[in-house]
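Enquirer: Let me give you the structure first, and then I'll get to my questions.
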Amino acid sequence: MNEVKESLRSIEQKYKLFQQQQFTFIAALEHCRENAHDKIRPISSIEQVQSYMEHYCNNSTHRRILIMFMDICSELSKLCQHFEALHSGTPVTNSLLEKCKTLVSQSNDLSSLRAKYPHEVVNHLSCDEARNHYGGVVSLIPIVLDFMKEWIAHSEKLPRKVLQHGTT
């Protein structure tokens, strides 16, 4: 359990750095959308961010922030697998884990996803268009982190026998 908590802390630290560069992230997505002639659709999946990065990103600063986003998403996905291996779960932890796995799935539609208080990521977006186009993608990481913290909190309340069962 300590190992997953440490992994989560590490991801949270990377996310804090990413969060400080949210305007750069939005600018990178905006330029990629312009290069792709795709200004109508919102950013709707991790897969779309990956495609923009690979095919339409021609600026090293923008590429760096898009890579940072992709790396955090990849680490969250790996942590989901680690959670799954830790114990067989309860209905509550299984539900939280399924939500996390769905959210970090490459093709999951993020367009309607919005982080709520205390997360201010959507509020930091400049206008309605930005909120409509980027609200889901900027909400993804804080929502998944919240679900993971909740998973850990529920898992820590389980009897040791249940936790050990998952590792045998």
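Cβ coordinates are placed from backbone N, Cα and C, and glycine is handled just like the others.
What Swiss-Prot shows for this protein is this:
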type : residues : note
SITE : Y117     : site 'Essential for interaction with INCA1'
SITE : H119     : site 'Essential for interaction with INCA1'
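Help me see these features in their spatial surroundings.
Expert: For Y117 (site 'Essential for interaction with INCA1'), the number of other Cβ atoms no farther than 10 Å from its own Cβ, over all displayed protein chains, is 6. When secondary structure is read from DSSP and collapsed to three states, Y117 (site 'Essential for interaction with INCA1') falls in the coil class.
For H119 (site 'Essential for interaction with INCA1'), the count of additional Cβ atoms within 10 Å of its Cβ stands at 18 [all protein chains shown].
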